[in-house]
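What follows is one structure encoded as structure tokens, with my remarks underneath.
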Amino acid sequence: MTGGCPTRPRVIVLCGPTGVGKTRLAIALAEEFGGQIVGADSMQVYRYMDIGTAKPTPAEQARVPHHMIDVADPDESFSAGRYARMARPILMDLNEQGVLPVLAGGTGLYIKACLHGLFRKHSADKAVLERLEREANDQGSAVLHQRLAVCDPETAERIHPNDRFRIVRALEVFESTGLPASGHRQAHGFAEDPFDALKICLHLDRKTLYGRINHRVDLMLADGFEKEVAGLLARGYAPELKAMQSIGYRHMTAWLAGGISRETAVENMKKDTRRYAKRQETWFKADPDMVWVDQKEGLEKVPFLVKRFLRYGK
């Protein structure tokens, strides 16, 4: 990596909705900066599920090293916590080797767990939440943010004064448990923001993105997606498994079982993928540190942003 010696390990995050073009750009970045890709996709962790997860092809994986792909069988339980425990050491090791990690994928919770950690939430006190909501209505979010800064300055520093939901939630944690939210995170073994991350999210206008999604589903079918699903069922992976209930796989399973027509399965697959893309965008928009880049400008703009980050930091 270029630049001086950062106080924290550096990571490039490349995220965005499904079908936006993350894989191509991630590989280009890794090649240009001598980096390696760490996948952040909740479905690409599974073996034998290649076409329906839009997993990088063997040829693409041969161009640069990939991590966190094909690390579990479809009948294994896999969570954001397990992902973070596996991916964090990889990010650390790559930094120690002087290799730039490119954390690329569309599963926002996995990215968050890896970069910032997760902590076990206590059961929220509904009465406290309702009272804090009323106070936010009467006094404004900024006033509650000032209160949070007194009892939990670490969390307050990470939350924008206008982010009412997170302010109220953090205050509720403190009032209900006597321990700040930052204390809960530390108590459960997660360091506070151990990485210096440049977060880049690719976006496209809705019409173009949805067109790409529909086309990609057609390509998956042409590449043998139905055969892939039939092969998983033949291996003994039950339709009820969490992995088999994901988008695409549940639709093809329903068709193969005779429950719906092929036409309906394909249309539902496209529709649910579009809905998922919309939810992904909503998730990423909630991150104030995200740098948004039009996908059409990605190959030119993103390398510039990375060079600036490596030289000067954020």
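Including glycine, each Cβ sits where the backbone N, Cα and C put it.
Copied from Swiss-Prot, the annotated features are:
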- Gly16, Pro17, Thr18, Gly19, Val20, Gly21, Lys22, Thr23: ATP binding site (BINDING)
- Thr18, Gly19, Val20, Gly21, Lys22, Thr23: substrate binding site (BINDING)
- 41-44: region 'Interaction with substrate tRNA' (REGION)
- Thr107: site 'Interaction with substrate tRNA' (SITE)
Tally of residues which DSSP labels helix, strand or coil - the region 'Interaction with substrate tRNA' (41-44): 0 helix, 0 strand, 4 coil
Whole-number Å value for how far Thr107 (site 'Interaction with substrate tRNA') lies from Lys22 (ATP binding site) (Cα to Cα): 12
Env. residues of ATP site, Cβ within 8 Å of mean position of Gly16, Pro17, Thr18, Gly19, Val20, Gly21, Lys22, Thr23 Cβ: Gly106, Leu202, Gln295
Shell list (substrate; ref centroid = CB of Thr18, Gly19, Val20, Gly21, Lys22, Thr23; cutoff 8 A): Gly16, Pro17, Arg24, Ala54, Gly106, Leu202, Arg212, Gln295
Chain-internal residues near Gly16 (ATP binding site), provided their CB is under 8 angstroms and they sit 6+ positions away: Lys22, Gly106, Cys201, Leu202, His203, Gln280, Phe284, Gln295
